[in-house]
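Everything below concerns the one structure shown next.
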């Protein structure tokens, strides 16, 4: 647990540093390196937080996992609202020719349709001149908002005497006691023990099948979350729907809003309903929603209804699948890394696939 908390401290601190550095990056290679560091830090936080909740709370972990993922959705819903006031209403760079006519430039957020660079031919968007964007403030505000997180993790480490320069407390007041009890019952010894070959000796095909099935479900469902939220705007403004840009801009917010709402509802629901039942409802709901979206593909109204429905059914799939898989495998925490990795690969691959189409 001490290793996990130290990793959470380092990762959450790295995210604040990354957000503070991004506005200072004037080279795309430097920006790519900084974003890669952010990705590594977020991957560590995602894996460790899920795994430790499973190992500490075991059969009660479903409720805590739902709560964790509610805050993931809440953050995704809130962060664009923080950034929005600082986005430029005109071009971010004004040249001598456009400084006096900036009010005639269309709103950047509405006029630049993703994946259609041909649309830019109508606009003279200067690349050199006076920079008028204030978007840097949004990054610095997010860095400050995130800063209490590593401070809180360090305080927990200090309180539990897990900082390397302190001795460990007695078991009765140690946060790691539930984990040690799980280890005594046949769990794993350290943070990297999941990867040891001895754990796979004599394992049945069903053991591997559970991991693969869980990873595939999350590969698809988390991949859908990433690609749908990223491309639904582009889809809506194209024919045959031809939704007005401003109206289409509400679709990603609607999607994340219902993901957040669904995760909030799932916290009390998971107390009474088994994870297996929740996973079944989620997967069937996603399939039915997509089928209806295809049938009513020319209806703008149903696009909004379907977006809300999809967000609702996708909302609790990750935590429910995680709790279900770990329940089958006796809450050892190792399946968590496989499932989180599968979900991450899905987000990357499906966005790349849909983007290329």
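Using N, Cα and C of the backbone, Cβ positions are placed for all residues, glycine too.
Whatever TrEMBL says is automated annotation, not expert-curated.
As the structure is a computational prediction, the values presented were derived from the model and not from experiment.
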277-296, 337-356 - the one TrEMBL records as transmembrane segment: 277-296
Transmembrane segment per TrEMBL - which of 205-225, 226-246: 205-225
Sequence-remote partners of the transmembrane segment (30-49) [C-beta within less than 8 Å, at least six residues beyond its ends]: 4, 7-8, 10-12, 14-15, 18, 21-22, 68, 336-337, 340-341, 344
Same-chain residue ranges lying at least 6 outside the transmembrane segment (277-296) that approach it to Cβ under 8 Å: 217, 221, 224, 266, 269-270, 302-303, 306, 309-310, 312-317, 320-321, 324
Contact set, same chain, for the transmembrane segment (61-82): CB under 8 Å, 6 or more residues outside the stretch: 49-50, 53-54, 138, 141-142, 145, 253, 256-257, 259-260, 262-264, 266-267, 270-271, 275, 315-316, 318-320, 322-323, 326, 331
Contact set, same chain, for the transmembrane segment (302-322): CB under 8 Å, 6 or more residues outside the stretch: 50, 54, 62, 65-66, 68-69, 73, 214, 217-218, 221-222, 224-225, 228, 232, 236, 241, 243, 251, 254-263, 265-266, 269-270, 275, 278-279, 281-283, 285-286, 289-290, 292-293, 296, 335-336, 339, 343
Spatial neighbours of the transmembrane segment (205-225) far in sequence, C-beta under 8 Å, 6+ residues away: 259, 279, 282-283, 286, 310, 314, 317-318, 321-322, 324-325, 328-329, 335, 338-347, 349-351
